[in-house]
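Input: a single structure, listed below in structure tokens.
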Amino acid sequence: MQAYQKDFIQLALKAQALKFGEFTLKSGRVSPYFFNAGQFQTGSALASLGRFYAQALVDAGVEFDMIFGPAYKGIPLATTTATALADHHQKDMPFAYNRKEVKAHGEGGTLVGAPIKGRVAIIDDVITAGTAVREVLSLIDAAGAKPAAIVVGLNRQEKGQGELSAIQELEQETGVPVISIINLNHVLQYLETQGDSENLAKVTAYRQQYGVE
């Protein structure tokens, strides 16, 4: 585990974006942990998040020409990632986002920011079913651009309806790589280093039942 990945977990725990307990998911599964990027609610937390997303993107070695944030949670994430790329990696990238409702006045349309062109890195919090990100892929395709990668905070490494995770299904279907700052293996590693045997046992059992590699 890289230092920034451990820092991300610690920030998520401090902000209560990552919690341990019993949480009923939309799928009906009772999960021993829950992740909600909406809990990162301060300027400092967002600045740190931007650095983590930027580092994950740079480490992956993906070539890209711009940043895109899907509405709504992806918008601040894309903004802070673009800022971090400029400040820490000397990559001054254009960025854009979409709104969920079409605006009839002013500039109109659903897209805001830089024109969608070239290779587009999409920044989002998580991929659950992949519906929202598929809509964004359609927008990028319609603009004549190409998706370079999708970057998320956490990959739950968890089966969907079949044997594959939502992320694996999306990668197979679209050919677009999905990069994550951390995955469930990193969470397990962190719990082990902290000596948190109770949560480690619960998350390990959940992973054995629903996990994918």
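Glycine is no exception: its Cβ is also placed from the backbone N, Cα and C atoms.
According to Swiss-Prot:
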type: BINDING; residues: Lys26, 72-73, 99-100, Lys103, His105, 124-132; note: 5-phospho-alpha-D-ribose 1-diphosphate binding site
type: BINDING; residues: Phe34, Phe35, Thr128, Arg156; note: orotate binding site
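Features recorded in Swiss-Prot, as mapped to the structure shown.
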{"residue": "Lys26", "record": "5-phospho-alpha-D-ribose 1-diphosphate binding site", "CB count, 10 Å": "7"}
{"residue": "Phe34", "record": "orotate binding site", "CB count, 10 Å": "15"}
{"residue": "Phe35", "record": "orotate binding site", "CB count, 10 Å": "20"}
{"residue": "Lys73", "record": "5-phospho-alpha-D-ribose 1-diphosphate binding site", "CB count, 10 Å": "19"}
{"residue": "Lys100", "record": "5-phospho-alpha-D-ribose 1-diphosphate binding site", "CB count, 10 Å": "10"}
{"residue": "Asp125", "record": "5-phospho-alpha-D-ribose 1-diphosphate binding site", "CB count, 10 Å": "21"}
{"residue": "Ile127", "record": "5-phospho-alpha-D-ribose 1-diphosphate binding site", "CB count, 10 Å": "23"}
{"residue": "Thr128", "record": "orotate binding site", "CB count, 10 Å": "16"}
{"residue": "Ala129", "record": "5-phospho-alpha-D-ribose 1-diphosphate binding site", "CB count, 10 Å": "14"}
{"residue": "Arg156", "record": "orotate binding site", "CB count, 10 Å": "25"}
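Taking the C-alpha positions, the distance from Lys26 (5-phospho-alpha-D-ribose 1-diphosphate binding site) to Phe34 (orotate binding site) comes to 12 Å. For the recorded site, Phe35 (orotate binding site), the DSSP three-state label reads strand.
Of the chain residues outside the orotate site list Phe34, Phe35, Thr128, Arg156, Leu25, Ser31, Tyr33, Asn36, Val126, Leu154 have their Cβ within 8 Å of the site's Cβ mean position. Here Ile127 (5-phospho-alpha-D-ribose 1-diphosphate binding site) is compared against the binding-site residues Phe34, Phe35, Arg156, and the shortest C-alpha distance is to Arg156. For the binding-site residues Lys73, Lys100, Asp125, Ala129, Thr131, a Cα to Cα distance of within 10 angstroms from Phe35 (orotate binding site) holds for Asp125. Counting only same-chain residues at least 6 apart in sequence, none has a Cβ under 8 Å from the Cβ of Thr131 (5-phospho-alpha-D-ribose 1-diphosphate binding site). Mapped onto three states, the DSSP output places Thr131 (5-phospho-alpha-D-ribose 1-diphosphate binding site) in helix. Lys100 (5-phospho-alpha-D-ribose 1-diphosphate binding site) and Phe34 (orotate binding site) have their C-alpha atoms 25 Å apart, to the nearest angstrom.
In space, Asp125 is the closest of the binding-site residues Lys73, Asp125, Ala129 to Phe34 (orotate binding site), judged by Cα positions. Pairwise Cα distances among Phe34, Phe35, Thr128, Arg156, the recorded orotate-binding residues, top out at 12 Å.
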